[in-house]
Structures are given as C-alpha cells and as structure tokens.
Amino acid sequence: VSTMNAKTSSGGEQEASGMRNETLGESGCLGEAKRGRVIRVAYVIAALDLTFLFMQLGVMPSLGLDSVGFGYLQTIFGVLQLVGGYIFGRFADQFGARAALILSCASGSILFLLMSLSTSIPLLFLSRLPGVFMHGIPGAQKVITDMTTPSQRAGALGKLGLCFGVGIIAGSTVGGVLSTKFSVYFPAYVGLAGSLLNTLIAMAWIPSQTKPKSDHHMTEHSDLFSIREILRLMKFPGVMEVFIVKVFAGLPIGLFMIMFSIISMDFFGLEAVESGYLMSYFGVLQMVVQGLLVGKLANHCTEMTLLRLSVFVFAGVGLGMALMRTVWHYCIIAVPLVFAFSMLATITDSILTKAVPSSDTGAMLGICASVQPLTRTVGPTIGGVLYKQFGVSSFGYLQLMVNLGLFVYLLKSKIPLEEMKSQ
C-alpha cells in the first residue's frame, strides 16, 4: 500500500510539474529568480529600443521634404509596421522570443545605418524598410508572456508602460540635444550603436527557448503569414469580441493624437518647445499609471471588470474633450485618458494571450501590435476630415458615443473568457 501511495504521489507530482511547465514553458524549469532576471532584461531591451526610436523621430534629416512628404514617410512606416506585426508574432512562435528580439534589434541597426547614410530623399524612404521587423515591445511582451503565469501576466505587461515613458522622455530629450550639439545625423549613429548593443544583450541574456517545448511542433512548419491562421485565432472563445473592443475603444483618441501636432499649434497655440513639455508630461503619466496602478488593480479586480472600467473612463474622457477649451483643460483630461489608454492596452493583451493556446501567443501579440500602425495609416485622412469639418470637439463626441456603445455591449454580452492551455 505504501508503495502504491508513493507511486501515486510521485505521479501526482510529475503531473503537477508538467502542468506548471506547460503554463510557464521552459521558464518553469528556470527558477523564480532567473525568470525575474530574464523579464527585467526584456524591460531594459524595450526601454532602449523605444528610446532610440523616439530619439530619431523628431530629428530625422529633412533633405528638403515638406510636411506632405514627411506625412508620406510616416505613412509608409505605419504600413510596414502594420504588415510586419503579425509576421513578427508568427516568427516569435516558430523560432522563439529570443530570435524575435534579435531580429527586431538587428532590423533597428539596419534602419539607423541607412538613415545615417541618407543623403537623398529616396535613401531616406529606403531607410524605413527595416521597420517591417522592428517590434521591440511585442518581442518583450512575448518574453513576459512565456515567463509568467496567467495571474502574473497583466501586472508584468503593465510595467512595460515604464519603458514607454522612459522612451518618450529620454528619446525626445537626448535626440534634440545630440542633433543640436553635433549634427542631425548623430542620433542615428547613437541608435545604430545602441541597437547593436541591444542585439548582444538579447543574445546573451534571453533563453533560446521560453515557450513550452510541447508546442514547438505545432507551428514549426506553418506559414509566417496566413489569413487562415488569423481567422482561426479569432474563433477562440471571446477573442473576436475583446479584439473589437480593443480596436474601437481607442480609435477616436488615436485619431486625435495623430492630429495633435496641428491641434497643439492651431487650437492650443503652443510652440514646439511647449509641445515637447506636454509630451514629457504624458510620458511621466504613462510611467506612473502603467508602472504602478495597472498591476495593483489587476491583483484586486477581474480583467472583465477592468476592461469595462477602461471603456467607461474613455467615455468620460470623450465628454471632457468635447468641452475642453484650453491646454490646461487638456492637462487635466490627460490623467484619466492615460489611465484608460494604458489599462485598455494591458488588459486586452493579457486577456487575448490567455484566450489562445500558448503556441499562438506571439501571433496574437503581433495582431494586437498592428492596431496602432493601422490607426497611424488611416488616421491622417480621417482625422484631417474631422478636424477641418467639425473641429476639435468632434473627436470628443466620437469618443463618447463609441465608448458608451461599447460599455453597454460589455455589460449585456457574456464574453467567455477561458484560459486556453497548450494543446
């Protein structure tokens, strides 16, 4: 009897161990300390990647391009990011988060190299091409998703907001200083060196395999881009509903942010320096909200409750935007705006990655990462029409109506949020 009990106990321990490893992938065998170290390395890579990106966005060599030309340049970059997001996610599923991060950092190095050599407009446009695989944040999200349990995921993903805040503040500031003191090309040199350093960090500190080994055969021979695979993911319980909320809840404010450079000058009467201060203010808010509040709320509330809360706050933000008249009004509105935006992004990413098998989390994160590039692609046209025809208040009213509708939808619908295991 004791032998049978020992075997039963041993079998139970092996089964429990297998379930833990299935949830955490190879990270289940790494130990808590090492998993934490790998996640911190992912944060560092994401923060540096965003710093280099924002460092060059404001100080790109103009080479005679007017505002329309720069619009085309940004649209091309948005389209490349849109197309590349899902492909990058599938690549991460097939070859691992480490390989995906290395690909992203190496693509950044090529982009900065081409930019440093851009002495003509065609070369400047050519330098945008590596952007198709520049996805530092989704790469870091993939590492965090593989390295955390479902209960830890929302808090760990939320802390990426600290990286975003660091990237906005440090990148904008350092880029301006370097271009002023040295040359407009100098930030590209720094970005090249920094991206190479990021590549070495990913190679040295990120494990070669972080997802469950049992899942590896599932995506080994799959196509990197397949509409059928996207539709398959959308058929999992709750995925389509949550993704629709993710896309539409933040769309009106996304249109507003795309037009913000024009609105800040025409509507608020701000100078370029004052607009920079306002962006830094946003960066600090992002760091505080996503780095401190999201994780704590995720530990005390269900994800569906937080999803409804973010949509409801977004509706209130819309009303505030419709009534605002000065930049000080906007600074007040920015607090609930950043809260809702950060909460929506983090919670929907957490829900969606838990709603699909662990072998498809990279693809799901890639689809999620395509939402912002999609907004940047269609935003200038739609946002321009709204602003010219109806004024700034139109963004607020649209935000209010869309999110009130989504809030009612979330209250009435029974979205099945089931955590899918590796199958």
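Just so you know, glycine gets a Cβ as well, placed from its N, Cα and C.
Residues or ranges marked as compositional bias 'Polar residues' by TrEMBL: 1-12.
The domain 'Major facilitator superfamily (MFS) profile' annotation in TrEMBL covers 35-417.
Annotation source TrEMBL lists region 'Disordered' at 1-22.
Marked as transmembrane segment by TrEMBL: 41-63 (among others).
According to TrEMBL, the feature transmembrane segment maps to 69-88 (among others).
Look at TrEMBL and you will find 100-125 (among others) tagged as transmembrane segment.
The transmembrane segment annotation in TrEMBL covers 156-178 (among others).
If you look up TrEMBL, you'll see 185-206 (among others) marked as transmembrane segment. Among residues of the same chain six or more beyond the transmembrane segment (185-206), those with a C-beta under 8 A of the stretch's C-beta atoms are 37-38, 41-42, 44-45, 48-49, 51-53, 55-56, 59, 61, 97-98, 101-102, 105-106, 108-109, 111-113, 115-116, 136, 143, 174-175, 178-179.
Residues 234, 275, 307, 310-311, 314, 317-318, 321, 337, 341, 344-345, 348, 352, 367-368, 371-372, 374-376, 379-380, 382-384, 386-387, 392, 395, 398-399, 402-403, 406, 409-410 of the same chain sit 6 or more residues outside the transmembrane segment (243-263) yet have a Cβ under 8 Å from a Cβ within it. Among the features that TrEMBL reports, transmembrane segment is placed at 243-263 (among others).
Non-local neighbours of the transmembrane segment (275-293) in the same chain are 158-162, 164-169, 172-173, 176, 261, 264-265, 327, 331, 334-335, 338-339, 342-343, 346; each lies 6+ residues outside the stretch with a CB under 8 Å from one of its CB atoms. Among the features that TrEMBL reports, transmembrane segment is placed at 275-293 (among others).
Residues 154, 242, 245, 249-250, 252-253, 256, 297-298, 329-330, 332-333, 336-337, 339-341, 343-344, 347-348, 351, 392-393, 395-404, 406-407, 410-411 of the same chain lie 6 or more positions beyond the ends of the transmembrane segment (305-323) yet place their CB under 8 Å from a CB of it. Annotated transmembrane segment per TrEMBL: 305-323 (among others), in sequence order.
Annotation comment: TrEMBL describes 330-348 (among others) as transmembrane segment. For the transmembrane segment (330-348), the residues of the chain that approach it from at least six positions outside its boundaries are 154, 157-158, 160-161, 242-243, 245-246, 249-250, 253, 268, 278, 281-282, 285-286, 289-290, 293-294, 297-298, 303, 306-307, 309-311, 313-314, 316-317, 320-321, 324, 368, judged by C-beta separation under 8 angstroms.
For 390-411 (among others), the entry in TrEMBL reads transmembrane segment. If you look at the transmembrane segment (390-411), the same-chain residues 6 or more away from its ends with a CB under 8 A from one of its CBs are 245, 248-249, 251-253, 255-256, 259, 263, 267, 304, 307-308, 311-312, 314-315, 317-324, 383.
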